[in-house]
Amino acid sequence: MRPAFAVGLVFAGCCSNVIFLELLARKHPGCGNIVTFAQFLFIAVEGFLFEADLGRKRPAIPIRYYAVMVTMFFTVSVVNNYALNLNIAMPLHMIFRSGSLIANMILGIIILKKRYSIFKYTSIALVSVGIFICTFMSAKQVTSQSSSSENDGFQAFLRWLLGIGALTFALLMSARMGIFQETLYKQFGKHSKEALFYNHALPLPGFIFLASDIYDHAVLFNKSELYQVPFIGVTVPIMWFYLLMNVITQYPLHPSAIPSSYVKVTQRRTLSLCGTGWVPCLSSLGP
């Protein structure tokens with residue numbers, strides 16, 4: 001894939017993906033599990049058809065290694081999406097996840113004994129300051145928007161702290177997963193599309209434990225207002241349309257579709273933040 005085309009996919013995918021996720025989370029903040037399940041199912045089906053050749057192709061990397069990576073990947077995905085239900089605003093969610101650069105550097109130094117230039121240390125320090133400022137301002141916003149009751153405000157703040165803890169855990173787990181994946185690629189060669197398939201297919205049975213929540217939100221989605229899909233003319237509940245578009249626009253953002261992890265991290269986060277600012281302008285999307 002040409003780099004220019006890949007970068008174009010990142011631009012288009014980031015802007016649209018975060019808009020539809022914001023629309024979903026604003027209407028139903030606890031919909032993280034059904035969003036995660038839909039994304040995993042879509043990637044797994046596509047990979048089973050085109051990468052695994054209907055199960056006839058043997059994996060280049062042993063399944064036991066994928067089992068470890070899948071456990072980490074599944075945990076990171078579920079925790080990140082569930083954090084939206086813990087008083088975490090979408091802009092803070094995006095900015096906090098930008099700390100992946102910080103987490104990767106810290107674990108790289110500790111585990112891989114890497115060393116970086118002064119320029120990179122300075123860049124990471126500036127990113128850290130930005131994340132701290134955004135987190136601090138978000139904390140003030142949570143308390144100010146809470147009920148006038150002091151007890152309600154304190155509970156909202158504790159819930160927000162739990163969300164920050166969840167994002168921190170997911171951030172470190174994601175960085176550790178990246179290091180584990182890097183060691184696998186050095187040993188067995190880079191098989192990003194294969195890893196993409198197994199990382200999404202193997203965790204699917206784990207969603208059984210989340211089936212009740214997924215079903216409840218599916219019922220809520222069915223009850224949402226109807227929306228006529230442009231160009232097709234089909235009428236569907238608008239929440240299902242948002243979910244479908246979120247899943248479709250998520251696919252170009254996976255590592256196998258873009259040339260560099262640095263492009264992925266920086267452009268995705270920057271454009272995603274821009275997208276959160278456009279959501280209020282899209283209120284006319286519904287009927």
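Cβ coordinates come from backbone N, Cα and C, glycine included.
Taken from TrEMBL, the feature transmembrane segment applies to 32-51, 63-83, 95-112, 119-138, 158-175, 196-215, 227-245.
Within the chain, the transmembrane segment (119-138) has long-range Cβ neighbours (under 8 A, six or more residues past its boundaries) at 88-89, 91-92, 95-96, 98-99, 101-102, 105, 160, 164. Under 8 Å from some Cβ of the transmembrane segment (63-83) lie the Cβ atoms of residues 32-33, 35-36, 39-40, 93, 97, 163, 166-167, 169-170, 173-174, 176-177, 180-181, 184, 195, 198-199, 202-203, 206, 210, all in the same chain and six or more residues away from its ends.
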